[in-house]
Amino acid sequence: MEIVIPPRDHGKATFRYTWDKDGTVRNLEALERIQEGDEPESAPEDIRPTTAKTGTTRRVRNSMAAWPFHRATTSNVTSIPITSNFRRPTWQPKSFFKTSDDSASTYSRSIVPDYVVNYIRGETPETLARRKEQRNWGERNVMITPKRETFYSRAAEFEDPFASTTDLSPNGPSENRYDNEWRQRGLRRFLEGWRAGVVFNILLSTLIFLVALVCFAVAVSKAKSISEIAIFTGSCSMTSNINIGTHIVINVCAIVLLAGANYIFQVLSSPTRLEVVAAHKNKRWLDVGIPSIRNLLQVSGFRSSLAIVVILVAVATHVIYNAVISTSRTGLDYDVVFVTETFLSGAPFSNATNNEGGLSRLELLALQDAASQKDLVNLTTTTCLQEFGGAFETSFDAVMLVIDIDVTNSSLVQIDKPGTSLHVYSTNSNDDDDIMALDGSAVLYCLAREGSAPQTCAVNANILMLGIVALLNLVTLFIMAVVLTRSSLEPLVTLGDALRSFLRNADVTTDNNCLLTKTDVSRGRWNLREAKYFIPKPHWWISTPSASRWFLFMFSWLLITAPATVALAVLLMAANPSAGLPLLTAFGTATPHTTFLLPSPVSTDQMALLSAAPQLLLAILYLTTNSLLTTYWLSHELSLFSVSPRPLRVSADRVGAQTTSLYLTLPRPVSWFLLMLFATMGYVLSQAVFPAIIDITPASSSTTPSSTSDRTTAISLSTQALLALVALLLVLAMTVISLGFRQAPSASGDSVEKGNPLALRGGSCSAVLSAKCHTDLSEVDHDIWRKQISWGVVGEGLNIEVGHCAFSAVGVGAVDGGRLYA
C-alpha cells in the first residue's frame, strides 16, 4: 500500500510511504524523485537528512500531489505515532546501554495529519461529531481532558521493547509513549511486583533456615544422642517462661513460612495468557487473582507439581516445628497400701502375702511410725481419689487407705503396685466417690506422706525434629529460587495483569457480552453473545466467594473448633474446685487430671508429633481463610473501576500510570492481621495440647531422677489455652462474616442505588473478566491499559440498538438499568 504524506506547513518536504499488509514500512521516498517513472538527474536538494544507523541520505522535494479534502488550513491537533521503530527487514544488533537513533528522527514530529487518519478510517465529519456527542451521554461529573489521537499499526504492540524509540511528541521526551522503564527491566523486575515478593520471602525463609541450621549444629555437637537435648533444667516457673518464649518464636516462624508458601502457590497456580486462551477455547474458565486448586489441572505440569510440593512442605513444617520443643518434669511413683485402723496404733502386720508393691518391712515400719506420730496428711475419700486418680503424682510418695474391717492376724491388708490409680477402686455410686478394697471393704479415709524429692522441670529440644525442619526449610527455599529464576514465567497473578492482557489483546470468545456473569459461564451460555439488562441491586461481599469456597472455610473452621469446644466442656465438667481440681489450668502446664495416657506406650518423638497434629488443622484453616478473604478483595478491587478512573495494579513490567505492589490481591493490613491472628492461635494451640513427659522418681529412691525407661509420656490439655483458642476462633469467624456484610460501592455514585456491574458474584472467573475488556472500536487511545481507566457505557444504544460497556481512558457513562448492553 502506498500513501503520499503532505507536509504540515506546505513546505517542500513531501514523502511517499510504502508498507505491506502487516503494517511494516518498506520504503520512504521523496515524492519529487518520482516523475512519471524516472528521476531527474539534476534536482535541487532542499532536504538531505542523514540517518544515524546507515549514514545514507534521502532527498526530498516539493510535492505536486495532495490528499483528498486537503486544504490550506491544517488541523490544530497533531497525530503522534506510538513508535518510530519500523520493523527491520534484517537483524541488527542493539545496545542495551546506549539507545540508537532512528532515521525517522530527522523528520517532522507530526508527519501524519489527523484528517488523513480520519479519511483512511472512513470517517466523516458527521460521524466524528456524533461520536463526540455520544461520549458525553451519561457522564457523572467526569472531567474530560482533550487527548491527542493516535494512529498506529497493531504490529507496534509486538515490537521489541528494548528497541530504540524516537519521541515525536511536541512536548519532548516527557510524553514518550514507551517509558524508559522498559529499557531497565533487568534488575527492576526483581525489585517490584510478584518477583519482589518472592525475593522478600526468600530472605525471610533464608533467615529462618540459618537459625534452624545453627541450632541443629549446636544441638548435635552437645547432645549425647540424636533424640533430644535439655536446653534448661531447673525451677518449673523458669521452665514455663522459656517454653512460652520459644513457642512464640516457633509459631511466628511457622506462619511466616506458611504465608510465603501460599504466596508462591498463588503465583504458580496463576495461569498465563496462553493457558487462558487454551481453556476458553475448550469452554473452560480459570481463577485469576486468588490461590486456586482448580487451576492446577489447567496450568503446566511443572508449575502444578511445584505448587503442590511447596504447600505440602509448608504445612508439614508448621506441624513439625511445634514438635521441636517440649517440657518435662519429675513425678513420684507413690506406694499404695491398704491397712486397718489398728495398723496406725502399732498393731502387728505381715508383708509376706499380697505385696505386689514389693515394700520391705523397714519401709512399712517407717510408714507405721509416721502415722502414729501424726506426720501424714489426712484426706477424705473424695480428695484422695482426686489426688491419686490422675496420670501422675507430684506431691506425695505414699498413701495408706484405711478400710473398715477387723483382722486379727495382720493389720496390713494389701500392697498394690506403685503408681496405681485409685480410680480402679472407685465405685461412683450415688454420685459419691467411694473407694472399695479388693475384698469389698469400704475405705474410711486416706493418709498420705509428702515426698521429699524436689520438683524439677526441663525444656527439651528434639534434635531429630529440628533436623527435619531445617531440611524442609531448604526444600522451600529451593522451590522459591526456582520460581524466581524462571524469567519466562509471566502469569496473570493480579487482577491488573488479567485486565492488561485482555485490553491489549481482546478475547474473541467473550465478545459482545459485557455483562457476562459466572452463572452464565457455568451454564455454558458465555458464547451466545446475547444482550442483557443490568439490574441495580446491592452486592454484599458475602455473595462474592463461591459456595465451595465457603464450604471449605466452614468445614476447616469446624474441624478445629468443634474438638476444642468439646474438650473444654469435658474438662470443665470434670473439674472440682472443692477437691483441689481448678476449673482453669495454666498455659502449657500439665496437671494430673488434664493429662491422658495412651492405651499403648509411645516414644517421646511420636508423642511430640501426635500432640502437634492439631497444628495441621490450623494450617488448613489459614489457607482457606486467606483464599476466602482474597476473593473478597478481588471483587472489591474490580468494582472500584466503575466508580472512578484508576490505574491498573500489575505484578510485573509496569508502564505509564500502572502501579505495582508486593502483595498480590489481599492488602497488606489484612495480611498482617491474618498473620498475627494465626500466629497467636498457633501459640495458644501449642499450649492447649502438648506432650506431658514425666520422669518418674521411685518413692524409696533418692532425689536423682530415674532412667528414661521410667519415663511416662502422655497428652496434656490446658483449659485456659483451650478457652483462649475457642475465643480466637470465634473472633476469626466473626471477622470473616462481618466483612461479608460490606456492600460493593455504587457505580452510579448515588447513595440510594447501590448496584455495581463489576462486582463478582460466585468468585473469580477469567471469562467474566475478559468479557469486561472489549473496548469500543471508536476508542481513539488504543493503549488505555497504560493509563487511568474506568468502566462503564462507551456506546449508548439508540432506539432499538444495543449499548456497550467497556473500559475507557476518556470517560464513561453510567450503566442504565433500563437498557440492553452487549
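Just so you know, glycine gets a Cβ as well, placed from its N, Cα and C.
As annotated by TrEMBL, domain 'DUF6536' applies to 194-344.
Per TrEMBL, region 'Disordered' is recorded for 34-53.
Sequence annotations record features per position, and here TrEMBL assigns transmembrane segment to 198-220 (among others). Long-range contacts of the transmembrane segment (198-220) within the same chain, counting only residues at least 6 positions beyond its ends with a Cβ under 8 Å from a Cβ of the stretch, are 190-191, 226, 229, 253, 256-257, 260, 263-264, 267, 461, 463, 466-467, 469-470, 473-474, 476-477, 480-481, 483-484, 662.
Under 8 Å from some Cβ of the transmembrane segment (244-265) lie the Cβ atoms of residues 197-198, 201, 204-205, 208, 211, 291, 306-307, 310-311, 313-315, 317-318, 321-322, 324-325, 459, 473, 476, 479-480, 483, 587-588, 615, 619, 622-623, 626, 664, 671, 675, 678-680, 682-683, 686-687, all in the same chain and six or more residues away from its ends. If you look up TrEMBL, you'll see 244-265 (among others) marked as transmembrane segment.
Among the features that TrEMBL reports, transmembrane segment is placed at 302-321 (among others). Outside the transmembrane segment (302-321), and at least 6 residues removed from its termini, the chain residues within Cβ reach (under 8 Å) are 250-251, 253-255, 257-258, 260-262, 264-265, 268-269, 296, 465, 468-469, 472-473, 475-476, 479-480, 482-483, 489, 609, 612-613, 615-616, 618-620, 623, 682.
Counting residues 6+ beyond its ends, the transmembrane segment (463-484) has Cβ neighbours under 8 Å at 190, 195, 198-199, 201-202, 205-206, 208-209, 212-213, 215-216, 219-220, 223, 226-229, 257, 260-261, 264, 267-268, 306, 309-310, 313-314, 316-317, 320-321, 323-324, 605, 608-609 in the same chain. What TrEMBL records for 463-484 (among others) is transmembrane segment.
The transmembrane segment feature in TrEMBL is assigned to 550-575 (among others). Within its own chain, the transmembrane segment (550-575) is flanked in space by residues 581-583, 593-594, 614, 617-618, 620-621, 624-625, 627-628, 688, 717, 719, 722-723, 725-726, 729-730, 732-733, 736, which lie at least six positions past its ends and keep a Cβ under 8 Å from the stretch.
Residues annotated as transmembrane segment in TrEMBL: 616-634 (among others).
Counting residues 6+ beyond its ends, the transmembrane segment (672-694) has Cβ neighbours under 8 Å at 244, 247-248, 250-252, 254-256, 259, 318, 322, 326-331, 391-392, 460, 564, 587-588, 590, 595, 604, 607-608, 610-612, 614-615, 618, 621-622, 625-626, 629, 666, 711-718, 721-722, 724-725, 728-729, 731-732 in the same chain. Taken from TrEMBL, the feature transmembrane segment applies to 672-694 (among others).
As annotated by TrEMBL, transmembrane segment applies to 714-741 (among others).
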